[in-house]
Amino acid sequence: MPQIVILPHADHCPEGAVFEAKPGETILDAALRNGIEIEHACEKSCACTTCHVIVREGLDSMEPSDELEDDMLDKAWGLEPDSRLSCQAVVADEDLVVEIPKYTINQVSEGH
């Protein structure tokens with residue numbers, strides 16, 4: 001099974017994390033199953049950007065984002081070329097290195 005490496009994040013996993021993912025599951029589902037509480041305000045329906053992550057390694061192994069995900073990502077805080085919504089990004093057969101951005105759009109709008 002592929003592994004996901006979550007880079008250290010002060011709030012979500014200060015030490016970082018490494019866990020196995022099931023091919024075909026989303027990055028978000030794998031993270032939640034392993035105790036990493038990535039925010040997902042829209043309950044995984046691709047209607048917000050709170051689960052935005054940056055795939056630092058392994059992006060090429062995944063299916064590309066669709067038009068709806070791209071439209072939502074345009075609203076994300078800290079958008080980068082390798083950004084994905086973790087609720088839509090399906091794990092393939094290669095390991096991934098994932099960074100959770102410092103803020104979500106909710107935190108920015110609330111002044112954190």
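Each residue, glycine too, has its Cβ placed from N, Cα and C.
Annotated features in Swiss-Prot:
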type    : residues                   : note
DOMAIN  : 1-104                      : domain '2Fe-2S ferredoxin-type'
BINDING : CYS42, CYS48, CYS51, CYS87 : [2Fe-2S] cluster binding site
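Overlay of Swiss-Prot feature records on the structure.
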{"residue": "CYS42", "record": "[2Fe-2S] cluster binding site", "Cβ neighbours (10 Å)": "15"}
{"residue": "CYS48", "record": "[2Fe-2S] cluster binding site", "Cβ neighbours (10 Å)": "21"}
{"residue": "CYS51", "record": "[2Fe-2S] cluster binding site", "Cβ neighbours (10 Å)": "27"}
{"residue": "CYS87", "record": "[2Fe-2S] cluster binding site", "Cβ neighbours (10 Å)": "26"}
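Averaged across the domain '2Fe-2S ferredoxin-type' (1-104), the predicted model reaches a pLDDT of 96. Within 8 Å of the centroid of the Cβ atoms of CYS42, CYS48, CYS51, CYS87, where the record puts [2Fe-2S] cluster, the same chain has further Cβ atoms from LEU28, GLU39, HIS40, ALA41, GLU43, LYS44, SER45, CYS46, ALA47, THR49, THR50, MET72, LEU85, SER86.
Within the domain '2Fe-2S ferredoxin-type' (1-104), the DSSP-based counts of helix, strand and coil residues read 17 helix, 25 strand, 62 coil.
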